[in-house]
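Novice: Pasting a structure below so you can have a look.
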Amino acid sequence: LLFEGRNTRKGEEKEGEISPFQALMTALSATVGTGNIAGVATAVFLGGPGALFWMWCTALVGMATKFSEAVLAVKYREVDEEGNHVGGPMYYIKNGLGAKWAWLGTAFAIFGGIAAFGIGNTVQSNSVADVLHANFGIDVWVTGLVLMVLVGAVLIGGIKRIGAVAGSLVPLMAIAYLGAGLVVLAINADAIPAALDLVFTHAFSPAAAEGGFAGAAVWAAIRFGVARGVFSNEAGLGSAPIAHAASQTKDPVRQGLIAMLGTFIDTIVICSITGLVIITSGAWTSGESGAALTSAAFADALPGVGNYLVAIALAVFAFTTIIGWSFYGERCIEFMFGVKAIKPYRLLWILAVPVGAGVSLDFIWLVADTLNAMMAIPNLIALALLSPVVFRLTKEYFARNGAPAEVSGDQNA
């Protein structure tokens, strides 16, 4: 699916703006971010090794959710006045559920347009500024201004440039980070069986206090594993289908299958590497948390190099998150005010980058988390109400393509 999605099928060039692969990479550019480095570390610090198990469980459920989101996004997308294909929860709520539910789509767009400035912009630029200042001594305002210029250069080109940058940068950064993680795991190979034992054991039993680790009950492993898993892969949030709606495809189910890979790559692959590196190194009992814990784990196996690798990876991950989420915010604003609102929103987005880099964001984190939850509620309601449509389209797709598995559901939707 990933290889096939790199190219647009014949006759589908006018069905969207970017290839199915670029749509996936755009969604991944917004998804793969600080959550994969700092979020996983925080989950292990607060919930113990068992939190990694519950992140995996969240990812399995999230893959099904992402599939449904992408199917509906392509099914109910529209073409705006500039000829661009637009879609996402606000559109499948309006076009799939009817005019009486339009208020729910508007609610999603409001929360999405505002929340993007938190989780997708200022939080990310602040993370980049902090990690570069800590490891390289670069002033936070310098980082903010440079990041602002880079983000502006990409956003001027719209979704096609975002897709092109994401299609090149996301695979490169993911492979580099995974390669470094695999090197660390190879160095700590003897500790992998014990680490996996800790993951499965403490998923269902308390983890005792050890060193700088304060201990964690089973509920903590579940709570922080699920919370950080959802934060990382964004399944159910309703953001990724906005990118998948721009895909050059006529087949909603094919794009849904490609979308599932996003959650798999983000959580099952990248988050797992981060978690296992932390546990095998023993750094999870050091008392460190967040990106500092991940840096300590890499530095333990790769002295003098590991912490810099984490710093660079975090910076690149956060940069791609900023450009990916800008597209989500723009589509939310366009839904409410039309295409005329995109340029002012884009300008505000670019100007917010250095502000986020130079200020304390404790309050913004709280507001962003709340708004993210408010985004998810309308989306999850729509997914539940439109599930018969997803079942019907999926069954038709597998019947048409001769797949061996049958998908049951309401065919009369």
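From the backbone N, Cα and C atoms, a Cβ is placed for every residue, glycine too.
The following feature annotations were taken from TrEMBL:
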{"type": "TRANSMEM", "residues": "21-47", "note": "transmembrane segment"}
{"type": "TRANSMEM", "residues": "101-120", "note": "transmembrane segment"}
{"type": "TRANSMEM", "residues": "140-159", "note": "transmembrane segment"}
{"type": "TRANSMEM", "residues": "166-187", "note": "transmembrane segment"}
{"type": "TRANSMEM", "residues": "199-222", "note": "transmembrane segment"}
{"type": "TRANSMEM", "residues": "257-285", "note": "transmembrane segment"}
{"type": "TRANSMEM", "residues": "305-327", "note": "transmembrane segment"}
{"type": "TRANSMEM", "residues": "347-367", "note": "transmembrane segment"}
{"type": "TRANSMEM", "residues": "373-391", "note": "transmembrane segment"}
Novice: Counting CB pairs under 8 Å, which listed stretch among 101-120, 140-159, 166-187, 199-222, 305-327 touches the transmembrane segment (257-285) the most?
Specialist: 166-187
Novice: Which stretch, 166-187, 199-222, 305-327, tops the Cβ pairs under 8 Å count with the transmembrane segment (140-159)?
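Specialist: The stretch with the most close Cβ contacts to the transmembrane segment (140-159) is 305-327.
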Novice: Which listed range (166-187, 199-222, 373-391) shows the maximal number of Cβ pairs under 8 Å with respect to the transmembrane segment (305-327)?
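Specialist: Top-ranked stretch among 166-187, 199-222, 373-391: 166-187.
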Novice: By Cβ distance under 8 Å, which residues at least 6 away from the ends of the transmembrane segment (199-222) in the same chain are close to it?
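Specialist: Same-chain residues near the transmembrane segment (199-222) but 6 or more away: 45-54, 275, 279, 284-288.
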